[in-house]
Amino acid sequence: MDPTCPSESIYNLIPSDWKEPPPPPRYTSVFKTAVKEDMKKVKTAMKTMGPPKVEVPCPKDFLKKHSKEKAAPPKKKFDWFGTRKPPVPLRTDHPVMGVQSGKNFINTNAADVIMGVAKKPKPIYVDKRTGDKHDLESSGLVPKYINKKDYGVTPEYICKRNEEVKNAQEEYDNYVQESLRKAAMKRLSDEEREGVLQGLKKNWEEVHKEFQSLSVFIDSLPKKMRKQRLEEEMKQLEHDIGVIEKHKIIYIANK
């Protein structure tokens, strides 16, 4: 007989209710306790469910009346150093009666009006057909600046500055002349400068004319050297002419 097979019985003919087998036990980590303790160390109050673990206030420290109000500063004696008004008259004091003035206010007012100067109307301008009025004085339409006494006159500070610049230039020119005189320098006059300039231009024309008369074919060493010498002379003359034309005042050393 097979032990796995149940024995034949009449009770086995009736099907029985199937029962679900119990689930296997749930897995529990061995580090669960250590993790809980670490989490309790890190967490602070009001970050978990439930009230925070704080110190409970004492019942004796309840809020009392006027405890939140600020204390007033101590009172100081007030002293008045200013002038005081005259005292109020007493009830027994009587006003002065019977004082009358002989001035005729009607005639006085009429004379003031007759002899007074009529008030000039304020100048205005209208810029729209609806009659919008604006002040004419501040509009810029009145030529009040060109009617000033000092209009078009050089300001005093500019005249003073120009005078200072002129004096400084004169002092500098005097200093340069004195330095050149001490260094035994001679200033070329306008006639001498013009004569030197014309002489340099004449020399340049002669050298240029000689340069133009060179042969077309430069096939020998003497011709090359002559052409090079003429080019250098023309270049030097052009440089000297440019220097003299650029500078109006020229000084030369006395030998």
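Every residue gets a Cβ built from N, Cα and C, even glycine.
Remember, TrEMBL labels are computer predictions, not curated facts.
Keep in mind it's a predicted model, so treat the numbers as computed, not measured.
What TrEMBL annotates here:
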COMPBIAS  1-10  compositional bias 'Polar residues'
COMPBIAS  61-79  compositional bias 'Basic and acidic residues'
DOMAIN    160-252  domain 'Enkurin'
REGION    1-25  region 'Disordered'
REGION    45-96  region 'Disordered'
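Here the domain 'Enkurin' (160-252) returns a mean pLDDT of 87 for the predicted model.
Here the compositional bias 'Basic and acidic residues' (61-79) is broken down by DSSP into helix, strand and coil counts: 0 helix, 0 strand, 19 coil.
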